[in-house]
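Report on the following structure.
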Amino acid sequence: MLRTMMKSKIHRATVTQADLHYVGSVTVDEDLLDAADLLPGELVHIVDIDNGARLETYTIAGERGSGVIGINGAAARLVHPGDLVILIAYGQMEDVEAKGFEPHVVFVDADNRVVSTGSDPADAPAGSGLLRGDRPAGR
């Protein structure tokens with residue numbers, strides 16, 4: 001049986017542009033694609049932290065070092081410049097691989113520069129003001 005597992009996550013990126021009249025996709029700084037082990041054309045889910053919108057699209061490589069997170073096409077009606085988003089990609093794997101698989105988790109700053117990377121999907125980097133995803137609030 002194949003299991004669908006989270007393989008890559010860029011957490012709390014800031015949308016830098018949105019263009020309704022584009023053919024679709026999300027443009028992502030190539031440095032972020034590399035850090036998250038994402039390829040151009042790869043399916044990603046986008047979760048908008050500000051308004052709760054969820055959508056799926058594919059990645060396009062943006063200029064390396066630019067910090068670009070560009071929402072293109074119809075998704076620009078849901079996600080806007082300045083919104084915080086999470087980009088998530090999933091992979092399918094057999095049980096044995098899934099049990100030992102370590103995803104690529106990337107946290108960025110307000111300019112979409114990498115501040116930490118790891119493999120723990122519940123991690124909340126020190127000083128981020130976030131809570132770990134596997135602990136009750138207040139602990």
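From the backbone N, Cα and C atoms, a Cβ is placed for every residue, glycine too.
Since this is a predicted model, take the numbers as computed values, not measurements.
Summary of the site annotation: Swiss-Prot records substrate binding at Gly73, Ala74, Ala75. Screening the candidates Thr57, Thr117 against this entry identifies Thr57 as the one listed for that site.
Ser25 (active site, schiff-base intermediate with substrate) carries a strand DSSP state (E or B).
Taking only the Cα positions, the spacing between Ser25 (active site, schiff-base intermediate with substrate) and Gly73 (substrate binding site) is 7 angstrom.
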